[in-house]
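Following: one structure in structure tokens, then a few remarks.
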């Protein structure tokens, strides 16, 4: 595949669902929420937590007990969190909530019992998980998660911040066609080329900034960074790392994935108990609007020092700069 089509593929399989609203701290310290993002409703959550419901898992038993999650997918929005969740749920020792509880950012006052009740029932030896991509950019989340359980394992799916920002904008545009162009929103001053880092689509991609907050509470050894790009080009390879990190047997392997030519990204093969393969929905893989190459260039320049800092902090090079020079 050419880089162009690979990039489109990256814009496809790795999508978070439309549910999450991103909460991030703007520069003035006020909370800013993308109003166009609908949130997981209480009704969906109580359904997910009700007895006999699938609880977000294909084979949740009616026995076992509800436990607080031992592992969380905490970010990032439009990075590939839904793809990762669907893939890890294929593992028999993982039980996960399908909806996003948003406990540590929006529902914290409801208390840990409410949170536990949202979880599916598990047996001994099974891991309970949930994903809410806005946790990564929520200031209070690290402290709150640490006070629940300081040994919680954290997974962050990251993706080239430039394509992530465009993907984020594309999602918003699909619901609010009247919003200004990407170019208008991305700049404080277009003539001077000043990027507006308070716009959530840009700010989420400053990964080093957000990670600093998490490292005050959790050691690097408790955080796994998954490459959103490699989740498309080599899903089994990335899933091997995830299973190792969670202390699971490597059960989700090559044989679980097939490449869907129509969608342009990998899908999970048919699970035992369902009649169709699992592919991410229609909301995944939207075509990105054409963005002025000069804007892309300026964004790359803006992100480069933050990316380098992120590589140094994590000890991992995600090759986002290299990817750019290939084009």
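Cβ coordinates come from backbone N, Cα and C, glycine included.
Taken from TrEMBL, the feature active site, for sulfotransferase activity applies to 78. Here TrEMBL flags 78, 79, 80, 81, 82, 159, 167, 284, 285, 286, 287, 288 as 3'-phosphoadenylyl sulfate binding site. What TrEMBL records for 47-61 is compositional bias 'Low complexity'. What TrEMBL lists as disulfide bond is 267-279. Per TrEMBL, the feature domain 'Sulfotransferase' maps to 69-304. Summarising the annotation, TrEMBL assigns region 'Disordered' to 1-66.
Each of the disulfide-bonded residues 267, 279 was scored by other CB atoms within 10 A of its CB, and the lowest score goes to 279. Mean pLDDT for the domain 'Sulfotransferase' (69-304) in the predicted structure: 93. Using residue 78 (active site, for sulfotransferase activity) as the reference Cα, a 10 A cut-off selects 167 from the recorded positions 167, 267, 279, 287.
Counting neighbouring Cβ atoms within 10 Å of each of the binding-site residues (167, 287), the lowest count belongs to 287. When the neighbouring Cβ atoms lying within 10 Å are counted for each of the binding-site residues (80, 82), the highest count belongs to 80. Within the set of binding-site residues 80, 82, 167, 287, the entry lying nearest in space to residue 279 (disulfide bond) is 82 (CA atoms). On the backbone, the CA of residue 82 (3'-phosphoadenylyl sulfate binding site) and the CA of residue 267 (disulfide bond) stand 12 Å apart.
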